[in-house]
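In what follows, a structure is listed as structure tokens, so that the remarks can point back to it.
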Amino acid sequence: MVRYGSLLSPELGTGVALIGFCSVPAVSALVTRLRKRELKSETLYEDADGKATLKSARSFSTTLSKTIIFSLAVAGLLSSILLTLFSWHAPRVASENLPLIVGAWSALLFQAVAIASCRNSVQAYRLGMYAFLSSGILAGLLLAQLGGIADHLLSGHPALLSCWMVELALSVLLAFGSLSLSRRPDVFHDGKLVDRMYTVSAFSRFNFSWPAALLSLAKNKKGLDLVDLPRPDHLTRSSAVSADWKRHSSPRRLWLSLLVVHKKAFALQWALTLCTSILNFTPQWVILQLLRILEDRPTGTGTFGFGVWIWVVWLGLAITADAWIESYLLWLSSAELAIPIRAQLASLIFEKAMRRKNVKGAVASKKKGTDDQPTVTDEPETATQEDDAEELNNAKQSTVNLIGVDGQRVPDFCRYQNIFPGSLFRLVISLAFLVSLLGWKPLLAGFSAMLAITPINIYFSKKYAAAQGRLMKVRDEKLGTVTEAVQGMRQIKFSALEPEWEKKIGDVRHRELAAIWDVFMGNAALRACWVTSPMLLSAISLAVYAVLSGSLTPSVTFVSLGVFKGLETTLSIIPELTTQLLDAWVSAQRIEDYLNSPEVLAVSQDSNKVAFHNASVAWPSDDTKIDDADRFVLRNLNMSFPQGELSVISGKSGTGKSLILAAILGEVDVLGGDINVPGAPSDRYDDRATKGDWIIPNAIAYVAQIPWMENGTIKDNIVFGLPYDNQRYKKTIDVCALKQDLEMLTDGGNTEIGANGVNLSGGQKWRVMLARAIYSRAGILVLDDIFSAVDAHVGRQIFERCLTGELATGRTRILVTHHASLCKNKTSYLVELGEGSVLYAGAPLGLDEEDSAPKQIESQDDTADEVEELDEMGGLFTAVNSDISDDEAGQAGVHGGLKKVTRKTTREFVAEESREKGAVQRHIYLTYLRDSGGWLYWTFAVLLFIVVQGIFQGRSWWVKLWTSDGQEQPFHSSQTFSSPREYGYSYAVAAQHTSIHTMSAPPIQTTHHSLNFYLSVYVALAIISSILGPLKYLFVYLGSIRASRNLFARLTFVILRTPTRWLDTVPVGRILNRFTADFNIIDSQLANSLSSGADCFLSLFSIIVAGLFISGYVLAVAALLFLVCIYYTRYYLEAARPLKRLESTTKSPLFEQFGSALTGIATIRGFGKTQVYIERMCRKIDDYSTATWHLMLFNRWMAWRMALIGSFFATFVSILILLTPGIDAALAGFALAFAIQFSNAVTWAIRFYVNVELDMNAAERIIEYTEVPTESLDGKSPPASWPTQGCIEVENLVVGYSPDLPPILKGLTFDIRRNERVGVIGRTGAGKSSLTLALFRFLEARSGSIHIDGLDISKLKLHDLRSRLAIIPQDPTLFSGTIRSNLDPFSQHTDAALLDCLERVHLLTSSPETSGTTTSTASNPKNTNIFDSLSSQVSEGGLNLSQGQRQLLCLARAMVDRPRVMVLDEATSAVDMHTDRLIQRSIREEFANSTLMVIAHRLSTIADFDRIMVLSDGQIAEFGSPRELWEKDGGDGSQKGFFRTMCEESGETEKLESIVLGQRAE
């Protein structure tokens, strides 16, 4: 600080030199402009973010800002010249420095001219930044000059003082004016507005003002939608950051690559961290100066000089600067590091998933016995087997976790990793500061005590880290278990396994809560260490200092305590951050391993046709050392599929037919030989496709064995991203027998279908998949078993009109089927698989030859005569939904005959996820409070927090008393003042609040206590605080655990018992989001937000109370500022609430898309749609990033304004302290120590309040699902032995899917007698599956009744009903685990019984001739039969088994329980004919004492049943014995019955006639 005539020439000269340096860019810009006279460009602005529109370009202007900058610079230069002239006549005002100020203004005017003449808005923006820096330097120089001469000018030259103030004001205004230049016009990407951070002026950008319009919109609209939010810029856009990674990455570790790619952001983050480390202690240093001034002030001194008030200004500026840099640092860490890195990793992981090997875990279990004689014991599974099971279980889910968990941990750590260097910086600065205050001896003594606690801290840190590790592992396990339960919900409900799965999920949840409690205990122990260590440090350091110095001054004490508190924060966060480092390290390693995992290689060679040359292939595996004996291998394959012709691949179930197709697609490991496949073009230019060049000869389309579809319309699933050709589309749906299906659907082709087509029948799914392939541009069609789920006559139609019709002619068709004979006449090439190789490959004429291989084909397929008979019938048959008459055909529809309904709007099957509006409802808070412990619990918690906060404030007050002891206190001993004039203006203000200060001041100190007295009380308070502090958190954690347990139990109970209709319309991702992400918040975050928020609000209250000891005005100002805070908070909450909900709803589609793509990866790659799905995923990632980006932005908007309010409060308290006559330094230190915390306290109080409300959004979403209506839980329990007979009586049954839809079953009346076998047939949509759903009460009867053994099932408990019946659905559902766990999940049967069931369904057999899985030849090694061991692993969904094997395993599962009533819904549709006949024989034998209801497409399956029911349009068309229905006619024989007509259409007339008539003849 300067005094009157002292010179600041060196400092002033340096400042002016810096201003000159900042003028260099302006000089360069002017020179360039003069050298290159550019004409005004007419092109629209464009950069990497996007392109401006004509409208945005016209509305963009910087003329006003440039005019203001130029005018202020001119005014500043003129005023500096005038000031120089006037100052020469005034002594002792440092007038010799004024020419330098004139020079500085001249440089600023030059910069203003350069800005005004610049036509490039981005360059003008940069020049404005330099002008701001120059103006700021000048303002600082003027303020420093003014501090030295202000008192002199005020007393002798007030006019000159006014001129100096004008100079200072102009420099500040010019600084802000230089920041008012907008950078560019609004730009758009893909027609959508890009975020305006790099569009608006620097003032708006660095003041976080550009989202003001969005905040206003949220307030007026009472919410925000995704369409309201601008899109990410190129630095955050997932496609751009992914491309940037590829440009900069190299073969190095993932974390190194992250550092290299984001090096600029990391460098700036660390630089700003260093700045904040310094600025954090600046307010303490300013307070030290103020307290020393108060300590040194002689008794009776009046007002302070201008130089003292400058310290108050510096205090406000220091707090403001620290808050701004910290706010910008947090914004940088989120916007330029965390969000881009998250988007980058998510897109890289998804792109890798599109290239990665599709490993299904198809590794056979190693047997303990020999290959020929497997040994199966009752011993428990080994640890290795458990590990294998876990690996199979988590294979797909762990991949999704890479984005959901690991992809979040790494960016989260990148956001906060700067705390490590920041802590080091703060430690060094604080130690230097403390040494200057206390000396090295007291500090060394304090640190010695602190070091003694360090081992305890390290111990608990390790315990905490270990607990976190266990928690993450059990969370992965929980996610896998819940995922499997949700995906297999239909099977769980069919089998009435809800209680068992509830227990299974509950057991995992119990372990998770135990791990969470361990984490909470570790957290509480660490908090105790963090609180105790700084307390010991401060207490011992101050005690030693007091002993050595003989006194304890307020300036040293309160500033030291402030530094110690900062050190406490610094040291406390290190252990927690270390655990985050370890978590992020593990996650980075997992992501790195995934990104480095094997990819699908080009296993085939380019050729003009598909051919295998001595090839050996196996399902892909990540394990390069796997033994061929432990995997299924097809060896020595030699075949060549003719180009443009139909080829058929046949063989028994499990012989590797799908593996051949996978080899053509490149989805296998080639162990030897060569595969030739035509190479598809890299760019298909689908958007330019025309009818003339529609077919791409070398492109491939694939129909998978398991139908794969996405949420969307039927048309979208068929068109599959290609241009819509109306003529081709109509022809496609016609030849695929979908025409009448779509006509009967209310919305036709625009009908929405759920995930994997859950609201379509099995046949419809297959035909939609086939239509997708036929509509495609592919010249090669790879089709897997498309006939298994359709009726025989429909299969014939598809073969005639689709596979060999106009749309397929000239295309290479490779078809896997069990119906080889159906295709014989138009098949050019036939392949028969068996014994791990090719049994036959050649022309289908071989079927008529006396050759062993063709004979094998004949034995397992339809006979040639039957097919010929079908051919002789001539005409093509009607569409799949057509019934016998046209009138009846017009009534048929999906789900049992929906009549055509005209709708103006499309019905959404999967509704958009709902989001609440406004504040979280009171009901949500009350529910959480009740579940966590109730009012008594929370009342005690609040009291505990108040007591702890009171003890904390008492410690500071005790220090105030300590430092006051022994000091002279003239203000308290006498309340007389010399005169108002002596104290000047300060008395006029101070006298108004003296009474409050007097009342709050302690009584006059008449006795002095020893150091031991003060120290012992201080230590006692510290010990109590260190004990109660962690306990209060632990108490809240108890309530959190209780609430989590109750909410999770309710959610599990409800989800397991919701109607299937609700489950079908809600994507799995939404449910999983509740069980994972939302519960993670409830479990781990909400408790901390509640407890920390309570702490912050009580701290804020303490700060206001501390200020009251100075003046009553503090309360008024605090109340006013708090009202301003509430205004901003409400403004913020109006936008943050819907945005938090939007973030949750944009996260679910991300996982749904990833999970769906992983399921259909073979189809996506087969169609060559990889890039399409990558782009789609990038859009979903951008949606998620957009929501998170704006949530962070709004948070910074609020936090920065809270910081300004806090800075004002601290400045105001400082002013009151200086205005209070005779205030002692101890009280001032006490008040200031709290006042400078106001900014942080109000910011964190508001932030935690908002966090609690936003975290309660997770509770809101969970409670929403706990209140979903469940299936009926009422009813009575049937007798223990029910049903004993298995008699079924149905009377006038009317059933519908939902109240707003027409009925499906329309007045059915029939009865099924004891042990009777009844076949149910009918066209697709006739109501067959609906009847089974009604029997199990998935569909409740609108009217009528179903009685089983005399009991009305509508009056029984659902669990009892379903547990006594059994069903094998068309889509087999298996759970991850072992063969044994799928057959007998609750270990109720012996291994011998289970193996016997496997033999009865022919998955195990001692006869090689009839086994499709264990046969071998001398030339080929034997493939291991996975069913030889009950411990063999089954992957999630049973994907390591073929479709036929899955169906047979489900059948074996039903055989284990031997129920009295059994329903089979197309249970063997994917099994070859020969095996099907053997299984039917087993069913007749095994279920001789059971009532069977069998739905079948193969009429031969049910032709020998006791009775057959023919359904049509939800009604019974015929019901009787097969002979009766066969012989039924119109009297004269001219009109045949439904059953007879269907038999004749099937192509198996003679065979069926012999079965029907022969059965009765017997």
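Each residue, glycine too, has its Cβ placed from N, Cα and C.
In TrEMBL this protein carries:
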- 12-31: transmembrane segment (TRANSMEM)
- 68-88: transmembrane segment (TRANSMEM)
- 130-150: transmembrane segment (TRANSMEM)
- 156-176: transmembrane segment (TRANSMEM)
- 303-325: transmembrane segment (TRANSMEM)
- 364-390: region 'Disordered' (REGION)
- 378-390: compositional bias 'Acidic residues' (COMPBIAS)
- 419-437: transmembrane segment (TRANSMEM)
- 423-583: domain 'ABC transmembrane type-1' (DOMAIN)
- 443-460: transmembrane segment (TRANSMEM)
- 610-860: domain 'ABC transporter' (DOMAIN)
- 935-952: transmembrane segment (TRANSMEM)
- 940-1254: domain 'ABC transmembrane type-1' (DOMAIN)
- 1013-1035: transmembrane segment (TRANSMEM)
- 1100-1128: transmembrane segment (TRANSMEM)
- 1199-1219: transmembrane segment (TRANSMEM)
- 1225-1246: transmembrane segment (TRANSMEM)
- 1288-1538: domain 'ABC transporter' (DOMAIN)
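For the transmembrane segment (419-437), the partner stretch with the highest count of Cβ pairs under 8 angstroms, out of 68-88, 156-176, 443-460, 1013-1035, 1100-1128, is 443-460.
Ranked by the number of CB pairs under 8 Å to the transmembrane segment (1225-1246), the listed stretches 12-31, 1013-1035, 1199-1219 are led by 1199-1219. Sequence-distant neighbours of the transmembrane segment (12-31) (same chain, 6+ residues past either end, Cβ-Cβ under 8 Å): 97, 100-101, 103-104, 107-108, 110-111, 113-115, 117-118, 123, 126-127, 130-131, 133-134, 137-138, 140-141, 145. Confidence for the domain 'ABC transporter' (610-860), expressed as mean pLDDT, is 83. Outside the transmembrane segment (156-176), and at least 6 residues removed from its termini, the chain residues within Cβ reach (under 8 Å) are 69, 72-73, 75-76, 79-80, 82-83, 86-87, 90, 93, 101, 108, 131-132, 135-136, 138-139, 142-143, 145-146, 149-150, 203.
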